[in-house]
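Notes follow the structure.
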Amino acid sequence: MAREGTIGVLNALDVAKTQWYHFTAIVIAGMGFFTDAYDLFCISLVTKLLGRIYYTDITKSRPGVLPANVQAAVTGVALCGTLAGQLFFGWLGDKMGRKRVYGLTLMIMVVSSIASGLSFGNSPKSVMATLCFFRFWLGFGIGGDYPLSATIMSEYANKKTRGAFIAAVFAMQGFGILGGGIVALIVSASFDHKYNVPSYQEDPAASMVLPAFDYVWRIILMFGALPAALTYYWRMKMPETARYTALVAKNAKQAASDMSKVLQVELEAEEEKVEKILESENQQFGLFSKQFASRHGMHLLGTTTTWFLLDIAFYSQNLFQKDIFSAIGWIPPAKEMNAIHEVYKIARAQTLIALCSTVPGYWFTVAFIDYMGRFAIQLMGFFFMTVFMFALALPYDHWTKKDNRFGFVAMYALTFFFANFGPNATTFVVPAEIFPARLRSTCHGISAAAGKAGAIVGAFGFLYASQSKDPAKTDPGYPTGIGVRNSLIMLGVINFLGMVFTFLVPESKGKSLEELSGETEEDGVEAIEAAGSRTVPV
């Protein structure tokens, strides 16, 4: 039964049974996220190869690696672009509409993904510079996909299964990470079968075939454009969401017409009711107003801090996975492999982690989020991430012994499982639910950008922090760090802080978007306070 003040078309969406259009929206938005994850994480599969191709001196005992500043730039520049894109396209999605901006972000991703693989130049410096340039713009497009995909899915979904639908879009990130590993395995295995070259230790000059091996990283990077390009047509055919059309664009007639086609039922426009709601005090305040601060300020603080802390841990783990695998012996020393074997072994390790923990974690969230609630899953995820990080770090010497290596990998995989069956999914879901329609995409973009700021801290900071304390064991060009063990302890502390800040995040399970934001409620301070109090987790 609709509450008084609820607009009929929005209520129809809230109570609609799960239909084919829900799954269509998940696939269309999800393929964008497949590309996002593929493009962001595949770079960690090829950085060792880039070092060998462009920075190897065959008179040295070890193959070349990217200099510290180049490694940081190649790894982190897409994250910087993503942060900028989240803020810009989040704001633009509220100004121009979700659909109009949605196709633009996809085209930027497709073009930049292809351009990254075509990075050109006659010197290592020029190739790395053009690669960084294109990966920044790739990140910029990816950034736009975060607030727009989340907002579109939340505004299309019914309130009973909204969490599962938004989480399912985000869960495609797991398949993107897995897809990157599989593509790298296929490409590296194909080149290895054709060239079959010796290890660097056996013959430095023969361990790498140029220009043939230069195509390997380019093919891996460019492949990410394919799934996004395939969904462009269907993304453009999606109608604008009814909540944007009615509550922001102020066109109740168009909203009713669009959703009548989607839901295949007759819906009344209710223009007078919409007009009355839009004239109310609840529809007037902006992002930087006292009213927003009193109603949603603590919520925005909660969504930004938890996403920031989560991404420090999540991205540093993903990006220095290969270093951890080397430390425990899953990946042999670089000199004992040729260039292609190194890509293959890094990809194999990351694919196994994705298959066994990352992907299942996402889908556990999809299955349980509308039963357990966002708050419980996020708190549980941060708790177990903290526990497993300290369990890895404190007896670290024990885990590095040969007999215990698989135990280390199992516990490391569990931290990923609870990241994804936990805050990595919920930090994406909640900001798309709790803010008013006219600020929803902007606030999700701000929350996501805080996350990417954390990712930048994780990606840049832990490249240096995870270096050995022994100068003889550091990668060339890097200063000594605090070591893997102390880095893991730091990540454990960060995860604990995430658990603490989760108490600022509201529970949104089973409530309509308008009930959560209070934007269709009666005017007045009491109404604002009442709407805010309903979202405090119990």
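Even glycines carry a Cβ here, placed using N, Cα and C.
What TrEMBL records for 20-46 (among others) is transmembrane segment.
Among the features that TrEMBL reports, domain 'Major facilitator superfamily (MFS) profile' is placed at 25-510.
Feature annotation from TrEMBL assigns transmembrane segment to 66-89 (among others). Long-range Cβ contacts of the transmembrane segment (66-89) within its own chain (Cβ-Cβ under 8 Å, at least 6 residues beyond either end) map to 39-40, 43-44, 47, 50-51, 54-55, 101, 104-105, 128, 131-132, 135-148, 315, 319, 441, 445-446, 448-449, 452-453, 455-456, 459-460, 463-464, 475-479.
Marked as transmembrane segment by TrEMBL: 101-120 (among others). When Cβ-Cβ distances below 8 Å are used as the criterion, the transmembrane segment (101-120) is approached by residues 32, 35-36, 39, 85, 89, 92-93, 126-128, 130-131, 134-135, 137-138, 140-145, 148, 152, 217-222, 224-225, 228-229, 231-232, 235-236, 238 of the same chain, each at least six residues removed from its ends.
TrEMBL lists 164-191 (among others) with the feature transmembrane segment. Tertiary neighbourhood of the transmembrane segment (164-191): same-chain residues 22, 25-26, 29-31, 33-39, 41-42, 45-46, 149-150, 153-154, 156-157, 212-213, 215-216, 219-220, 223-224, 227, 318, 340-341, 343-344, 346-348, 350-351, 354-355, 358-359, 361-363, 365-367, 369-370, 420, 424-425, 428-429, 432-433, selected by CB-CB distance under 8 Å and a gap of 6+ residues from either end.
Taken from TrEMBL, the feature transmembrane segment covers 215-234 (among others).
The coiled coil annotation in TrEMBL covers 253-284.
Among the features that TrEMBL reports, transmembrane segment is placed at 351-369 (among others).
Residues annotated as transmembrane segment in TrEMBL: 375-394 (among others).
The transmembrane segment annotation in TrEMBL covers 406-425 (among others).
For 445-465 (among others), the entry in TrEMBL reads transmembrane segment.
The transmembrane segment annotation in TrEMBL covers 486-505 (among others).
Taking the coiled coil (253-284) as a whole, pLDDT averages 72 in the prediction. Within the same chain, residues 306, 310, 313, 365, 368-369, 408, 411-412, 414-415, 418-427, 485-486, 488-489, 491-492, 495-496, 498-499, 502, 505-507, 537 sit at least 6 positions outside the transmembrane segment (375-394) and bring their C-beta atoms closer than 8 Å to a C-beta of that stretch. Cβ atoms under 8 Å from those of the transmembrane segment (20-46) belong to residues 74-75, 78-79, 82, 105-106, 109, 113, 116, 135, 138-139, 142, 145-146, 149, 152-153, 156-158, 161, 165, 168-177, 179-181, 183-184, 216-217, 220-221, 223-225, 227-228, 230-231, 234-235, 238, 262-263, 318-319, 321-322, 343, 346-347, 350 of the same chain, restricted to positions at least 6 beyond its ends.
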